[in-house]
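Engineer: Right, I'll just put the structure down here and ask away after.
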Amino acid sequence: MKAAERRDLLIQTMNQATTPLKATSLAKEFGVSRQIIVGDVAILRASHHDIIATNQGYLLADKATSVDDSRFRGKIVCQHLADQAIEELTIIVSHGGYVENVEVDHPYYGLIKASLQIKHTSDIQDFHAAMDKSAGTMLSSLTNGIHLHTITTSDEATFEAIKADLKAVGILLDESI
């Protein structure tokens, strides 16, 4: 199979997918290495395909969990140590919150944003396992633990309850500082 053909099939596969697709799974499906898939995704992005890389795999931006207009969407600013990340995500998800992303404001590079797509406790477990397996570090390690999350909830009251619980455990950055 030629590279252009494989990329066309890759886009078709992503169009049909309802969940993120891991590069290793795609590599097996297409009979190539994971690095070939990573390169294909980079080329497809440069060709104006809006592909999101999450900790769970690749997906087309229009396939990402869409925000229903009836739901509340807001941003929170947090600061914590890496070992508190699971607690932070668990508080959000336990209220029915959906963590879209994480952002840090790097002093040199500016805004760095990564898609998280965390909705369930199983997503938190997958994220934690992937970080452990790769010996990865949190983006917030670049900014002394300070970071933002975009969160979607059923309503503003739920969003405020999440903020209150995060504040109670010292994770929400105090807005009065």
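Numbering starts at 1 and runs along the chain as it is shown here.
Note: Cβ is positioned from N, Cα and C throughout, glycine not excepted.
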Engineer: Just to be sure I read the record right: HIS80, HIS147, HIS149 are listed as binding Ni(2+) in TrEMBL. Which of GLU88, GLU160 is listed for the same site?
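Structural biologist: Looking at GLU88, GLU160, the one TrEMBL places in the Ni(2+) site next to HIS80, HIS147, HIS149 is GLU88.
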Engineer: List the same-chain residues at least 6 positions away in sequence whose Cβ sits under 8 Å from the Cβ of HIS149 (Ni(2+) binding site), in sequence order, or say none.
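Structural biologist: Result: LYS75, ILE76, CYS78, ILE92, VAL99, GLU100, ASN101, VAL102, GLU103, LEU116.
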Engineer: Determine which residues of the same chain, besides HIS80, GLU88, HIS147, HIS149, have their CB within 8 A of the center of the CB atoms at the recorded Ni(2+) site, and list them by sequence.
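Structural biologist: Here the non-site neighbours turn out to be ILE76, CYS78, GLN79, GLN84, ALA85, LEU89, VAL102, SER140, GLY145, LEU148, LEU166, ILE171.
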Engineer: Under 8 Å between C-beta atoms and at least six apart in sequence, can you list the same-chain neighbours of HIS80 (Ni(2+) binding site), or say none if there are none?
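Structural biologist: For HIS80 (Ni(2+) binding site), the qualifying residues are GLU87, GLU88, SER140, GLY145, GLY170, ILE171.
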